[in-house]
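Asks: Sharing the features that TrEMBL gives for it:
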type	residues	note
TRANSMEM	87-109	transmembrane segment
TRANSMEM	121-144	transmembrane segment
TRANSMEM	164-185	transmembrane segment
TRANSMEM	197-219	transmembrane segment
TRANSMEM	247-270	transmembrane segment
TRANSMEM	276-297	transmembrane segment
TRANSMEM	309-331	transmembrane segment
TRANSMEM	337-356	transmembrane segment
TRANSMEM	393-414	transmembrane segment
TRANSMEM	426-452	transmembrane segment
Amino acid sequence: MAKNNLLSGRVGRGEIAAYGIAGGGQNLAYGLITGYLMYYYVNVFHIDPRVVGLMLFVEGIWDVVNNPLAGMVIDRTRSRHGKMLPYLRWCIAPLAVFTVLLFAGPYLIRDTSSFSPAKIAFMFLSYFAWEIFYTITDVAYWGLSAAISPDAKERRRVMTFNNAAVNVGSSLPFVVVPFLLDYAATDSAVFDMRAVFMLLGVVAGVVGIGLFSLAGFFVHERVEQSQEGSSFRESLHELLHNPGLRLIILSGLIRSLSGVSSVFMTYYFIDVLGYASLSVLVNIPTVITWAFSYALLKPIRRRFDARQFTIFGAVLTGAIWFAVFLIGLRFYRSVPVMVPVLMVANGLFGLINAPVNIVQNEMLADTTDYSEWTTGKRSEGVSFSLRIATTKIGSTVVQAFGSVLLSMIGYVTLADEARVVQSDAVQFRIFVLFALVPGVFYLLSAVPLIFYDLVGEKLETMRAQLSQRRSEQNESAS
């Protein structure tokens with residue numbers, strides 16, 4: 001990397017590629033875990049869903065402390081490589097190991113009891129260890145998106161490719177896993193569900209996390225940090241006096257609760273429609289519309305500010321989910337009806353969500369600039385850790401509650417079978433949780449954004465004053 005690129009804030013194509021591919025690898029592993037870990041624990045490792053729910057609930061409480069703490073530690077880090085990069089170099093190897101171990105339980109513990117102390121202890125310890133290393137690297141990775149350049153346009157270039165790579169990485173498990181699940185359930189299968197998830201764990205740990213390591217060695221921090229890091233009290237003060245960040249966090253927390261749809265997606269396709277692989281078919285339009293959605297980003301940003309566009313995206317997404325639910329009230333078990341309906345819905349989601357994700361990351365970077373503008377100190381670690389925490393807490397809550405809901409709605413599992421025919425009432429309840437709940441939470445997530453005001457003249461004034469301040473600092477330093 002040429003020195004003048006570091007000083008100017010210009011990010012080269014190779015560095016953009018490294019950052020994006022790293023995010024794709026990270027989300028390959030994260031997509032597998034968020035999409036299928038609960039199914040694996042309940043249907044393959046055969047742990048009682050209420051115990052799984054308890055573990056996820058306890059982990060969610062830990063996340064409330066763990067994520068902001070990781071952000072504060074990162075913000076206080078000072079090294080010749082920066083404050084994010086050290087964690088993206090030295091915490092990757094243990095993260096890879098624990099990613100594999102998450103799915104090794106059935107080979108290490110042969111007890112078939114759903115309340116086996118050994119299985120429960122292994123689940124708790126392996127997941128909590130994985131969570132510690134995932135959190136510190138995740139916060140560092142997304143904090144790097146705000147420190148990779150002081151130029152908002154450069155950050156947009158970085159995040160546009162990053163968003164595409166992340167979408168590809170996070171989608172791969174949802175393309176591959178359903179076919180493997182359907183195959184392993186057949187009488188002619190040469191490997192069982194245990195082998196499927198062990199293989200997936202190895203791929204996620206070795207390939208996914210291996211690609212994630214690229215960010216630590218091929219990406220640079222360009223935003224000059226203050227010599228002294230913020231104290232824990234100062235970091236908390238910055239949060240309380242950063243209204244834009246608070247609103248983004250609240251909106252993200254509400255939106256993350258829509259993830260109950262993802263929790264019950266696997267159950268809907270397997271236990272209601274009959275084939276896990278149908279989920280691949282309905283997601284094909286998403287991939288196609290993603291490609292077109294990036295071309296829409298520039299005209300959208302010229303016509304709408306960040307607040308307007310994110311509100312529009314949340315409301316439209318909620319409305320689409322309501323339409324799916326209303327159609328499904330009569331046809332929720334009909335493959336010829338629901339597959340085309342979900343294909344159309346997912347095509348629209350892809351068209352909306354890809355640009356929205358980019359704009360939301362821009363907004364979060366703007367709130368980091370706001371902290372520097374008002375306090376003189378940047379808090380990428382705290383800012384991004386809090387957004388990540390809300391997403392993970394929401395995900396943990398819906399998975400924990402989802403595990404309990406499986407028992408509450410009458411879902412049946414057997415120790416020697418991954419699939420059991422569910423009653424009509426249970427199938428309908430699965431559909432309601434899959435299609436209705438996300439629509440409600442998407443609509444509610446738009447409400448906090450109404451009060452977000454870091455747009456228009458205020459945003460331009462902040463950027464101009466920060467640019468002038470940084471120029472003066474560079475001149476005095478030289």
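Glycine too: its Cβ is placed from the backbone N, Cα and C atoms.
TrEMBL does not curate its annotations; it predicts them automatically.
Where in this structure would I find these features, and how exposed are they?
Replies: Long-range contacts of the transmembrane segment (87-109) within the same chain: residues 29, 33, 37, 40, 44-45, 74, 77, 81, 116, 118-119, 122-123, 126-127, 129-130, 133-134, 136-137, 139-141, 144, 194, 197-198, 200-202, 204-206, 208-210, 212-213, 215-217, 219, each at least 6 residues beyond the stretch ends and with a Cβ under 8 Å from a Cβ of the stretch.
Proximity of distant same-chain residues to the transmembrane segment (121-144), defined by a Cβ-Cβ separation under 8 Å and at least 6 residues beyond the stretch ends, is recorded for 19, 22-23, 26, 30, 41, 45, 47, 51-52, 55, 58-59, 62-63, 66-67, 70-71, 73-74, 83-85, 87-88, 91-92, 94-95, 98-99, 101-102, 105, 108-109, 212, 215, 219, 221, 361, 380-381, 383-385, 387-388, 392.
Long-range contacts of the transmembrane segment (164-185) within the same chain: residues 20-21, 23-28, 30-32, 35-36, 191-193, 195-196, 200, 204, 208, 266, 269-270, 275-280, 283, 286-287, 290, 294, 354, 418-419, each at least 6 residues beyond the stretch ends and with a Cβ under 8 Å from a Cβ of the stretch.
Beyond the transmembrane segment (197-219), the same-chain residues lying 6 or more positions past its ends with a Cβ under 8 Å from any Cβ of the stretch are 14-15, 18-19, 21-29, 32-33, 36, 40, 44, 85, 87-89, 92, 95-104, 106-107, 137, 141, 144, 148, 169, 173, 176-177, 180.
Distant neighbours of the transmembrane segment (309-331): 251, 255, 261, 300-301, 337-338, 341-342, 345, 348-349, 352-353, 355-356, 359-360, 363, 431-432, 435-436, 438-443, 445-446, 449-450; these residues of the same chain sit at least 6 beyond its ends, with a Cβ under 8 Å from one of its Cβ atoms.
Sequence-distant neighbours of the transmembrane segment (393-414) (same chain, 6+ residues past either end, Cβ-Cβ under 8 Å): 34, 37-38, 42-43, 46, 49-50, 52-57, 59-60, 63-64, 114, 252-257, 259-260, 262-264, 267, 271, 420, 422-423, 425-426, 429-430, 433.
Residues 243-244, 247-248, 250-252, 254-255, 257-261, 263-265, 267-268, 271-272, 306-307, 310-311, 314-315, 317-322, 324-325, 328, 332-333, 363, 402, 405, 409-412 of the same chain, all 6+ positions outside the transmembrane segment (426-452), place their C-beta atoms under 8 angstroms from a C-beta of that stretch.
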Asks: Restricting to the same chain and to residues at least six past its boundaries, which positions have a Cβ under 8 Å from a Cβ of the transmembrane segment (276-297)?
Replies: 160, 163-164, 167, 171, 174-175, 177-179, 181-182, 265-266, 269-270, 335, 339, 342-344, 346-355, 358
